[in-house]
Amino acid sequence: MSIKEQTLMTPYLQFDRNQWAALRDSVPMTLSEDEIARLKGINEDLSLEEVAEIYLPLSRLLNFYISSNLRRQAVLEQFLGTNGQRIPYIISIAGSVAVGKSTTARVLQALLSRWPEHRRVELITTDGFLHPNQVLKERGLMKKKGFPESYDMHRLVKFVSDLKSGVPNVTAPVYSHLIYDVIPDGDKTVVQPDILILEGLNVLQSGMDYPHDPHHVFVSDFVDFSIYVDAPEDLLQTWYINRFLKFREGAFTDPDSYFHNYAKLTKEEAINTAMTLWKEINWLNLKQNILPTRERASLILTKSANHAVEEVRLRK
């Protein structure tokens, strides 16, 4: 089916891997194999081929959008007769736990910062905006970590609102996966980036998710381009369990790790524990809160085995 025929039936243009890879045009590869190895997640196979065929075309598309946005800002400044403030272009990346959002974010940050324009690209994860464990315990939400109600949404919305308002120095809290908590007094200062990549589970949520509270303001209201990283549920579960097993042999062995006790589990016990955590927390959050937002994304990356993207859908 031609792209023209597809547009009559869906709000998305659909590309298989080869079609999407052809859109790279002549964009040069700016990352080495060593750099790619440092960017990938604990449980992912990220190759030069994946970067070349998926992420270089995506960085080219984003560069077009960002340049267009800057021209629009210049038109407004000319109309108003002002010297405009630096307003960052915000890209959000959503998707399930274990799907590879963080790797996608890091690769895009590296690629976008190496375009000839040398734009400053900041990466912030919404994990830092989780309520501290003490608050979650008081509210009975420790088993709902990652669900919308576990976040300090007011602070997260204020963060992106301040950036879009041109506030020069904006602070974001930082989360530690070692201690499984927000780091006290560990805020990171973001200083007028050209591009902000915001990575998190629920960054595509909108007023549609809260019909009882129609006056809510959401992160998605400030996002210029949104990406949803998708994969079949059976693969997500497998990736989550495999990641848990690797943490059991790595990060969990640190005596300071919140999950240090998991390091003592047998492999069978670890698999059963990971399965329980997946089904009772992460799968539930995916079905209730994350997956329903997928079709709001500007672009959907669908992965198959080995974290390889097999299909790209771009909102027209």
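Keep in mind that glycine also has a Cβ here, set from the backbone N, Cα and C atoms.
Database features (Swiss-Prot):
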BINDING   GLY95, SER96, VAL97, ALA98, VAL99, GLY100, LYS101, SER102  ATP binding site
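Locations of recorded Swiss-Prot features on the structure.
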residue: GLY95; record: ATP binding site; CB count, 10 Å: 29
residue: SER96; record: ATP binding site; CB count, 10 Å: 27
residue: VAL97; record: ATP binding site; CB count, 10 Å: 19
residue: ALA98; record: ATP binding site; CB count, 10 Å: 25
residue: VAL99; record: ATP binding site; CB count, 10 Å: 27
residue: GLY100; record: ATP binding site; CB count, 10 Å: 24
residue: LYS101; record: ATP binding site; CB count, 10 Å: 24
residue: SER102; record: ATP binding site; CB count, 10 Å: 20
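Listed in chain order, the extra residues whose Cβ falls within 8 Å of the Cβ center of the ATP site residues GLY95, SER96, VAL97, ALA98, VAL99, GLY100, LYS101, SER102 are VAL229, LEU236. DSSP gives VAL97 (ATP binding site) a coil state; it is part of no helix or strand.
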